[in-house]
Amino acid sequence: MKPEIYEKSIDLASQKILKKAEEEGIETAWDRYEKQLPQCSFGQLGVCCRNCNMGPCRIDPFGEGAQKGICGATADIIVARNLLRTIAAGAAAHSDHARDAVLTFKKMSEGEAGSYRIKDEAKLLSLASEYGIVSEGKSPKEVASRLADTLLQEFGKQDGHLLCTRRVPESRLKLWAELGIEPRGIDREIVECMHRTHIGVDNDAVHILLQGLRTGLSDGWGGSMIATDVQDILFGIPQPRRSTVNLGVLSKDKVNVIVHGHEPILSEMIVEAAEDPELLKLAEEMGAAGINVAGICCTGNETLMRHGTPIAGNFLQQELAVITGAIEAMVVDVQCVMPSLGELTGCYHTKFISTSPKADFPNTIRMEFHEGRAYETAKEIVRTAVENFPNRVLEKVTIPEEKQECMVGFSAEAILSALGGSPDPLIEAIKGGAVWGIGAVVGCNNVKVTHNYGHVNLVKELIKNNVLVVTTGCNAIACAEAGLLLPEASELAGDGLKAVCRALGIPPVLHMGSCVDISRILVLSSVLANYLGVDISDLPAAGAAPEWMSEKAVSIGTYVVSSGVFTVLGTIPAVLGSQAVTSLLTGGLNSVVGASFAVEPDPLKAAELMLEHIDAKRKALGLDSQR
Amino acid sequence: MIYMKDVMIRPERCLSCRSCEIACAVAHSESKNLFSAVGEKPAPKKRICLEYVPDLGVSLPITCRHCKDAPCVSVCPTKALHQDENASIVSYDQNRCVDCWNCSKVCSRFSTLYQLILVMGCWSSSMNYNRGLINRQAEAGIKCDLCEGRDMPACVEACPTHALIFTEANEV
């Protein structure tokens, strides 16, 4: 049975474009999902192994058929191995993004990437001092060069620990060391995952999962954190600012350029090129009123946070943006870019431009991005978009009117500064119960959940119960579209949180950035824990990923839990084929790292699980625990 | 003759993924939900089995409804197939079987496979695999009930290549 449009998305703009898609006979992810149903049960349970060519093997979850793979691997082993590979892929995606950011930073410092510069010298110097680099008597570029070398070593490191991990509370670091999960070199952990899951290597579910925790940590306190730090130096630490989101940000009379993917290295240049007088003049000649850059996914979040560049949508809105018929160029880099865009852009005048040396898609125009001539390439890309403006077919254009104002840019630094420079006011608010706890809500969209339904309802329920929410990624965009990223949204919050938001002039939901910027949440939680003299796992805080789907999300979940934060997943991970792995993840981990996962598709019930967890943590800290 | 809709096997399309088996077990579980059914005690039982047929060199999903007044039983010349009238369960005695294949010819569900076997020309005791399944089900007291209460049997819905279809025998 075909689902109704309101079952696909709760967002009005998206519903309008989904209707347009139906009328025009255009296929979207929701249609393809229908064609995939019912999905393979072995895959859903995680009991299919393709790691050697004796297989594929699968385990009968009901006990009548095969209970072992050909090598003898049980469901427990197969599920654990598959999970480890998923974590490795997620950590690889974040960390390889980080590597490119550091390489750009390095080239910049050596004068080989003229389009980039040091935007935030204070962060450069503070990072340099954290990494033990003497900056006195050196030029900023010299310091940057030394810092870049040190950061690059974090990837291939053979001895010692990742330097960012020194930001965690002592007690947690000690716990990791005791468990043997203190992350080593970033690349090393990922390579070791692939080695361990090769046939005949690591075949104990618990032993395999411990490597999963270590690999996740190498992402959160390694790759992702390095990406955030370096991007802040290059492009500035985000500060609170206002912007607009949703498909309605597309312009009916300007050239619309979408930047989609995950890296600001590209989008920063596009945003700059869109203001180039030469290109603005060309736009005018082409009959356009200007050039409008809008983001999708985390490339969008990066420019939103730093420039207030509007966002057209989150993951499931990428196809919808094209279907408006108003996009001159869909410019993509890496991660979460649907290959379907190739065929889809062919139905409209939209140019599909791929820019990463790592990522190509069907029917793209290749305009590879290299640091050396980044701005020139960005100009060529924008020019291509501008020249495409006259090809827009007006009869095919529908831009929904829905757009929503939002307040963004809450880096850890910005939050501390909003608090007056010290976490003290927030701690006091938590102690007094005005802020009941902190909820970190992140993650993707997933066609298995009505678009934005999980995100918006979970977050609303949390703020209603005075939980201050920090958000990144596609959740942040969903919250923005629902109007939750405005100080006025504190009307929806409980009385305590409402008063705090009013006093500080902040929204009850704080947009902290892209998905690598979950590292900002880690840093903030460390600051709070250290200030209180407790471990992160003692904080009245909980995490959630209501609509997660990517491998990156699995790595994120792993490092968040390994850092001590209870996390609720809204879609079911492919582990239920193993009782041992399932019970470890949802319970056993508590006695190992002081936090575990829960799975709860209903966002209101998920919020309740988070609240119960926060209640318990408040009680343990001797705070009022009766809501 | 009145034709009833039934599960038909189109053997050339089967990729041996066993999706039908799991869907069948879930449809016959307490919770009717994959993720909950995995932990149920007793474990839910499937009514369809992927059986390897050596002479064809392939595996096929095989399922038996243990029909009331089963035609396979009525045409069996040696009473190798017989039926417990109360439980309507068909069972099979290999010692009495003379491999005449009459049963396969009259089984609507099996007719497409029978045609394939004819084309392949492999007259052998391949059918034992079918009968083996029939016996296992007879012992367990379970049979394909075409998923009572559902519009479409779960196995048919689960098959990604449409090797199983739900239709009238004369339409195949």
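In case you wondered, yes, glycine gets a Cβ from its N, Cα and C as well.
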Note to self: Among A:Cys71, A:Cys164, which residue shares the [4Fe-4S] cluster 2 site with A:Cys49, A:Cys52, A:Cys57 according to TrEMBL?
What the structure shows: A:Cys71
Item checked: Among A:Cys298, A:Cys406, A:Cys501 - the residue TrEMBL places in the same [Ni-4Fe-4S] cluster site as A:His262, A:Cys336, A:Cys444, A:Cys474, A:Cys515 -> A:Cys298
Checklist line | Residues flanking the [4Fe-4S] cluster 2 site, with Cβ no more than 8 Å from the Cβ centroid of A:Cys49, A:Cys52, A:Cys57, A:Cys71 and excluding those residues themselves | finding: A:Arg50, A:Asn51, A:Met54, A:Gly55, A:Pro56, A:Gly69, A:Ile70, A:Ala73, A:Ile78, A:Ile199
Next item on the list: In three-state terms from DSSP, label A:Cys298 ([Ni-4Fe-4S] cluster binding site) for me.
Entry: helix
Notebook entry, point to check: Can you tell me how far the Cα of A:Cys71 ([4Fe-4S] cluster 2 binding site) sits from the Cα of A:Cys40 ([4Fe-4S] cluster 1 binding site), in Å?
Noted result: 23
Margin query: I'm trying to understand the geometry here, so how far is the Cα atom of A:Cys49 ([4Fe-4S] cluster 2 binding site) from the Cα atom of A:Cys515 ([Ni-4Fe-4S] cluster binding site), in Å to the nearest whole number?
Written below: 29
Check: When you put A:Cys57 ([4Fe-4S] cluster 2 binding site) at the centre and draw a 10 Å sphere around its Cα, which of the binding-site residues A:Cys48, A:Cys336, A:Cys474, A:Cys515 have their Cα inside it?
Finding: A:Cys48
Check: Using Cα coordinates, what distance in whole Å links A:Cys298 ([Ni-4Fe-4S] cluster binding site) and A:Cys48 ([4Fe-4S] cluster 1 binding site)?
Finding: 32
Check: Cα of A:Cys474 ([Ni-4Fe-4S] cluster binding site) to Cα of A:Cys40 ([4Fe-4S] cluster 1 binding site): how many Å, rounded?
Finding: 27
Check: Which binding-site residues (A:Cys40, A:Cys71, A:His262, A:Cys298, A:Cys444) come close to chain B, taking a Cβ gap under 8 Å as close?
Finding: A:Cys40
